[in-house]
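Peer 1: I'd like to ask you about the structure that follows.
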Amino acid sequence: SVGFKAGVKDYKLTYYTPEYQPQDTDILAAFRVTPQPGVPSEEAGAAVAAESSTGTWTTVWTDGLTSLDRYKGRCYHIDAVPGEDNQYICYVAYPLDLFEEGSVTNMFTSIVGNVFGFKALRALRLEDLRIPVAYIKTFQGPPHGIQVERDKLNKYGRPLLGCTIKPKLGLSAKNYGRAVYECLRGGLDFTKDDENVNSQPFMRWRDRFLFCAEAIYKAQAETGEIKGHYLNATAGTCEEMIKRAVFARELGVPIVMHDYLTGGFTANTSLALYCRDNGLLLHIHRAMHAVIDRQKNHGMHFRVLAKALRLSGGDHIHAGTVVGKLEGERDITLGFVDLLRDDYTEIDANRGIYFTQSWVSTPGVLPVASGGIHVWHMPALTEIFGDDSVLQFGGGTLGHPWGNAPGAVANRVALEACVQARNEGRDLARQGATIIRNASKWSPELAAACEVWKEIKFEFPAVDTLDKKKG
């Protein structure tokens with residue numbers, strides 16, 4: 001037969017193309033590749049391109065029925081990782097026709113599918129994606145975005161304040177609603193369902209939604225401010241999830257919530273579409289992310305999950321704290337925080353950004369700082385995250401010695417003091433502790449909080465760090 005030669009041939013003969021110039025419409029991926037001993041970097045990079053696009057382990061005669069040159073992924077550039085003996089950043093370009101429009105699910109099934117179990121590689125990590133403008137425009141993106149959210153809430157010029165209700169499991173709906181009310185009347189903008197609060201025997205979802213709505217309306221009437229509680233609509237089926245979102249809308253509350261990784265991108269995109277059509281804000285929790293993103297040499301970096309969320313849809317997403325109890329190196333964290341909020345981000349190796357990314361006016365997502373933070377962290381958080389963020393204090397509100405409402409007062413006073421000091425041109429990084437101490441002189445609630453948490457720190461080295469040359 002003409003043009004078909006059976007057998008196995010090296011991937012690099014077809015899929016390693018250093019002369020290729022990436023197209024504006026290509027999806028570009030940066031993979032951290034650790035080949036097995038004896039496997040050259042070109043073969044490893046080509047194998048990744050092949051297995052995540054049109055290739056398989058042997059030549060097949062049906063290759064002749066299509067144009068492989070049109071559809072194949074191409075490994076077009078390889079950099080050795082500084083400080084590592086056998087690790088490479090392999091850049092792969094994928095033609096846009098390989099992907100279904102508006103489907104994060106399909107994009108990930110191709111790019112981070114079977115290839116991650118490939119035997120020729122010891123480890124593989126997807127570090128970054130460049131999503132082309134042509135593909136971004138097939139997604140709705142966040143239901144509303146940062147500016148529309150501020151307009152809905154009538155809150156400007158400062159970060160928003162939140163609190164996760166604790167204990168996360170075990171409260172009855174009535175007591176849960178009471179905790180929500182105390183936090184909101186004390187000065188918080190939002191309270192939050194914990195990510196694992198769905199509809200358990202001790203508190204069914206419908207009861208929780210009702211008592212939380214009552215708490216919201218009561219707190220709004222007392223404070224004159226718009227309040228919200230992230231009602232977790234995550235459920236065992238998509239139909240049940242939408243049913244819960246519909247009930248939230250009927251109650252007239254402003255925001256619902258979804259666990260986007262455990263719930264899945266298909267469910268998340270459906271919920272985001274519903275939220276846009278029905279005026280609901282959508283808070284996103286990233287439960288399960290560390291299973292995927294914590295190891296430096298295998299898995300997928302959170303910046304990729306963040307980009308995927310901006311495509312799929314969400315108005316808030318948890319993004320680490322830099323200063324609290326959960327993983328997050330400052331430069332890396334700020335890199336993906338900007339990817340969430342900004343319309344255009346330049347390539348920047350110092351922040352782990354491998355590609356220049358334009359979002360063509362896709363709404364931005366508010367990063368949420370949450371996990372082990374308290375009033376002494378407020379100056380650093382205000383400086384690091386800026387106004388367009390949500391600062392969430394769970395234990396840092398509910399752990400106040402006088403109760404929830406005073407805990408909320410302490411956080412609000414600390415935030416307002418930091419914002420005022422920043423607006424006056426003071427250096428929050430250097431003068432933060434002084435700013436908090438001065439504010440506590442006229443707020444007994446803040447003074448009590450300062451006393452409780454004055455010694456608490458979570459200081460461990462980050463696992464996921466930038467690559468630096470040895471020596």
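Residue numbering: from 1, along the chain as shown.
Just so you know, glycine gets a Cβ as well, placed from its N, Cα and C.
Pasting the relevant annotations from Swiss-Prot:
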- K5: N6,N6,N6-trimethyllysine (MOD_RES)
- N114, T164, K168, R286, H318, S370: substrate binding site (BINDING)
- K166: active site, proton acceptor (ACT_SITE)
- K192, D194, E195: Mg(2+) binding site (BINDING)
- K192: N6-carboxylysine (MOD_RES)
- H285: active site, proton acceptor (ACT_SITE)
- K325: site 'Transition state stabilizer' (SITE)
Peer 1: Using the alpha carbons only, what distance in Å do you get between the residue listed as 'N6,N6,N6-trimethyllysine' and N114 (substrate binding site) once rounded?
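Peer 2: With distance taken Cα to Cα, N114 (substrate binding site) is 25 Å from the residue listed as 'N6,N6,N6-trimethyllysine'.
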Peer 1: Hey, of N114, T164, H318, which of those binding-site residues are within 10 Å of K192 (Mg(2+) binding site), Cα to Cα?
Peer 2: T164
Peer 1: Same-chain residues six or more away whose CB lies under 8 A from the CB of E195 (Mg(2+) binding site)?
Peer 2: N232, T234, D259, T262, H285, A287
Peer 1: Quick one, of the recorded positions K5, H285, R286, which Cβ has the fewest other Cβ within 10 Å?
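Peer 2: Output over recorded positions K5, H285, R286: least Cβ neighbours within 10 Å is K5.
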Peer 1: In Å, rounded, how far does the Cα of K168 (substrate binding site) sit from the Cα of D194 (Mg(2+) binding site)?
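Peer 2: Distance (Cα to Cα, whole Å): 6 Å.
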Peer 1: Can you tell me which binding-site residues out of T164, H318, S370 are within 10 A of D194 (Mg(2+) binding site) by Cα, answering none if there aren't any?
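Peer 2: So the list reads T164.
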Peer 1: Sort K166 (active site, proton acceptor) into helix, strand or coil using the DSSP assignment.
Peer 2: coil
Peer 1: What's the number of neighbouring CB atoms sitting within 10 A of the CB on K168 (substrate binding site)?
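Peer 2: Counting Cβ neighbours of K168 (substrate binding site) within 10 Å gives 14.
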Peer 1: Please report the Cα separation of R286 (substrate binding site) and K166 (active site, proton acceptor) in Å, rounded to an integer.
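Peer 2: About 18 Å separates the two Cα atoms.
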Peer 1: Taking every protein chain in this structure into account, which of the binding-site residues N114, T164 has the most other Cβ atoms within 10 Å of its Cβ?
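Peer 2: The residue with the densest Cβ neighbourhood is T164.
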